[in-house]
């Protein structure tokens, strides 16, 4: 299942693209732009003015994460990165690739090797475009040779064409998943595009397969940037998690307050409520349970002498304990309620918590009644 937070971030990113399509031309998003093109999408070209280039030269690029508009006061800051060697992505048509289904003869392999030798000579003389031409002929002759694609990728790096290098490195790794040169070229290309985390991942694999000083030097440049981005991401993931917890707590309090208001309206805080039927008692019991209130059910009768003594006290206790629900049942007027509770004498005080009887006081025992109220009203 796709993470809901990631889906929300993607939706916001798409909305930003609708408002400003030029975001796609950020070097760090070249992989996404290539993917869109592979699906047949048309990426709008952005015409740069002379001032645009001046601004770019004057401004140090930085990693600018998207922030969640719903994250209250969380505003993500830019990550300070060393982008001194980041280049503009090359958006030329893909270079020629060989047909992997074509039959390769020994003669083809020999000719391809000859073209590679010419390319290496051209590289040593600094004639990189010529070297690319020779290597292109070589891959057409031997289209399943991983080393030929990886070598051409390394030359594309020398002429600052990271996207072309990535395409060749990908093909090289398709034919040889253990191609150190393929991982190295792709990692260096991604570093040129400012894709620091992906660059670090590829360079680490390359170093494990066949370490050299160039890989080590590149990792020293790439890893600090990748680490800063990862630390930044974790920081804001933690902050968002904290905000989620805060929102959940606010929502819980909001619901609790709503229940309190509902209970206050239904339970007449500070007053004694007379009950006349079992249905009325059930409604009040449910309301008290929903509001996590202690409920006291007082069974009385007009002919009961001790009840006449306890009733004023009961009303006074109701004003003192406004968060306790005080109910009163006249057993002669609501004998069905009294019968359902098996009341045999009055006054009787039943203590109810979460819909269940938890205690009882029988008789005009003022001290016991006050003690039980204090005990059970503070138990939750």
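Cβ coordinates come from backbone N, Cα and C, glycine included.
Taking the Cβ of residue 304 (active site, nucleophile) as centre and 10 Å as the limit, one finds 19 other Cβ atoms among all the protein chains shown. Swiss-Prot lists 304 (among others) with the feature active site, nucleophile, giving similarity to another entry as the kind of evidence.
Counting Cβ atoms from all protein chains shown, residue 307 (active site, nucleophile) has 21 others lying within 10 Å of its own Cβ. Summarising the annotation, Swiss-Prot assigns active site, nucleophile to 307 (among others) and lists similarity to another entry as the type of evidence.
Annotation comment: Swiss-Prot describes 49-59 (among others) as compositional bias 'Basic and acidic residues'.
The compositional bias 'Acidic residues' annotation in Swiss-Prot covers 69-91.
Within the chain carrying the compositional bias 'Basic and acidic residues' (106-115), a Cβ under 8 angstroms from the stretch's Cβ atoms is held by residues 134-135, 137-139, 141-142, 145, 148, all 6 or more beyond its ends. If you look up Swiss-Prot, you'll see 106-115 (among others) marked as compositional bias 'Basic and acidic residues'.
Residues annotated as compositional bias 'Basic and acidic residues' in Swiss-Prot: 240-263 (among others).
In the predicted model, residues of the domain 'Thioredoxin' (252-378) average a pLDDT of 92. The domain 'Thioredoxin' annotation in Swiss-Prot covers 252-378 and rests on sequence analysis.
Residues or ranges marked as region 'Disordered' in Swiss-Prot: 49-115 (among others).
Taken from Swiss-Prot, the feature region 'Disordered' covers 240-265 (among others). Counting residues of the region 'Disordered' (240-265) by DSSP class, helix then strand then coil, yields 26 helix, 0 strand, 0 coil.
Summarising the annotation, Swiss-Prot assigns repeat 'TPR 1' to 112-145.
The feature repeat 'TPR 2' is assigned by Swiss-Prot to 147-179. Residues 30, 34, 87, 89-92, 94-95, 97, 100, 112, 116, 119, 123, 128-129, 131-132, 135-136, 138-139, 185-186, 188-190, 192-193, 209 of the same chain, all 6+ positions outside the repeat 'TPR 2' (147-179), place their C-beta atoms under 8 angstroms from a C-beta of that stretch.
The site 'Contributes to redox potential value' annotation in Swiss-Prot covers 305 (among others). Of all Cβ atoms in the shown protein chains, 9 besides its own fall within 10 Å of the Cβ of residue 305 (site 'Contributes to redox potential value').
Per Swiss-Prot, site 'Contributes to redox potential value' is recorded for 306 (among others), and the stated evidence type is similarity to another entry. Within the same chain, residues at least 6 positions away in sequence whose Cβ sits under 8 Å from that of residue 306 (site 'Contributes to redox potential value') are 346, 347, 363, 364.
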Checklist entry - For the repeat 'TPR 2' (147-179), what does DSSP give as the number of helix, strand and coil residues? => result 26 helix, 0 strand, 7 coil
Checklist entry - Should residue 307 (active site, nucleophile) be counted as helix, strand, or coil on the basis of DSSP? => result helix
